Amino acid sequence: MEILLVNDDGIYSNGLLALKNVICEEFDANVTVVAPTNQQSGIGRAISLFEPLRITKTKLADCSEGYAVSGTPTDCVVLGVHQVLKKVPDYIISGINIGENLGTEITTSGTLGAAFEGAHHGAKSFACSLQVTTDHLKFKEGESPIEFMTAARIVKNVFKKFLDDEFPCDVVNINVPDNATENTPVEITKLAKRMYSMHVEERIDPRSRSYYWLDGYPVMDEEDGTDVYAVRNKRNVSVTPLTLDNTAKNIDEFKEKYGKKF
């Protein structure tokens, strides 16, 4: 079994290391780590088209070997498949992300971007994230004081359920609440409409020009059955099946209404 591990928090993230260690302990698999040199949160599925990329062999905190890529998480998947492994792995797992990836805002996530790129290449792909409620830790680069081993074991247990089965979707998105134990219930969910209520903060620089910081406030009031409600209200692990096909579900209605207008 060939597994490629990627993330968007950078190759020295404790979340990535915890996931690698748990996967290596549990499975007889060839596990390869290819991750960004620097923090890439919020980059989505961006790919580097206008600058060259470099791959650097490096040592992780446990002295195992990984490959640092001077680009995005999607670049890591592309180079991991075409240059490092030179083949499509059986599985691509992206994470563990520092902070949950919920709702339709997953399109901005580098963690999900890498997983979708993996699915695009034909690998069975997973994205995994741990809820973080302390804002200053969410975009921390490198080592973090957050405890990831429980989340890693939960991800491993979910991952095991899909082994040897016909893969039911393109990407499985796993989100673990910050207080989870290995006995925390797992719930199959759909995407909520939103994870954050967007906020723009305006500031003034020393030359009296405006500049802006983008952030948001966590949404809590999504409906039951969504990933946001499962993680933030019920404190369950959410498992959401995702597809690369972004075609609207009501395409037949769309054709009926607009098809004759063209």
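Note that Cβ sites are derived from N, Cα and C of the backbone, with glycine treated the same way.
Swiss-Prot lists ASP8, ASP9, SER41 as divalent metal cation-binding residues, and of the candidates ASN21, ASN97, ASN101 the one it assigns to that same site is ASN97. It is ASN97 that, of the binding-site residues SER41, ASN97, has its Cβ surrounded by the most other Cβ atoms within 10 Å.
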